[in-house]
Amino acid sequence: MHSFSLSLWTETETHDQARIPVPVAMWDFDHCDPKRCSGKKLARLGLIADLRVGQKFRGIVVTPKGALPVSPADRDLVAQAGVAVVECSWARLDDVPFAKLRSPNERLLPYLVATNPVNYGKPWRLNCVEALAAAFYIVGLGEHAETLLSKFSWGHSFWKVNGGMLKRYQECKDAEEIQAVQNVIVAELEADYEKRRAEALTEDDDLLVANPNHSNAIWGAQSEEEDSASENEGDSLESEADAKSELDDNVSSKLEK
């Protein structure tokens, strides 16, 4: 297993690579802009090796076609044989010959949120370095995750946003527990969203009801009616417009949460 790592790293070995003592690899399908591709940046730094289609990888492979989520039970496997990812566009998954990417240890990632500049804030849409870091964090090899993320100016955001969830995944025993914890996390997020949404609607409905001229109002920036925060019918149109603007900003900010 170690000979695999040595043979792949011969031409690109650098001081950075020496700090990750396990194989890190990718199948790169050139779907992404080279200037934005995190996998290509890691390759330039000597921190990841390219795999050919049909080439077998004995560590875990993070892929949307995996049957089980990565878990702390994979720690020994990762420590010995490493982690690989599929570097491709989320919009072109159907173009990837997953059946030819050979590995006996395909894994999914549990629910996490992207913090890269392209997909910031989007659940599941992790890029190459985020996927690798997530796998290393979950199995308990966080130092390798931090080495990879440190090469990106936004890298610190990944733990800042996902740290709470990653800690809960780290406490799991196996893939079954990871799946159960993920289900709990998703349910909690959905409940929190519904609560925030209900609170926003309730608070701003109170404002709308106070204005008898608001029967045709709609939410957000498209609202065409003014909010009358004043009870004086003689308020100027300017005052009504100011109140409308304040309400629209308030509602929009709440619905975005």
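FYI, residue positions are counted from 1 along the chain as it appears here.
Every residue gets a Cβ built from N, Cα and C, even glycine.
In the shown protein chains, 14 other C-beta atoms lie within 10 A of the C-beta of W124 (S-adenosyl-L-methionine binding site). Among the features that TrEMBL reports, S-adenosyl-L-methionine binding site is placed at S38, V86, L109, W124.
Annotation comment: TrEMBL describes 223-240 as compositional bias 'Acidic residues'.
Here TrEMBL flags 60-184 as domain '16S/18S rRNA aminocarboxypropyltransferase Tsr3 C-terminal'. Mean pLDDT of the predicted structure over the domain '16S/18S rRNA aminocarboxypropyltransferase Tsr3 C-terminal' (60-184): 90.
For 212-257, the entry in TrEMBL reads region 'Disordered'.
In three-state terms derived from DSSP, V86 (S-adenosyl-L-methionine binding site) belongs to an extended strand segment.
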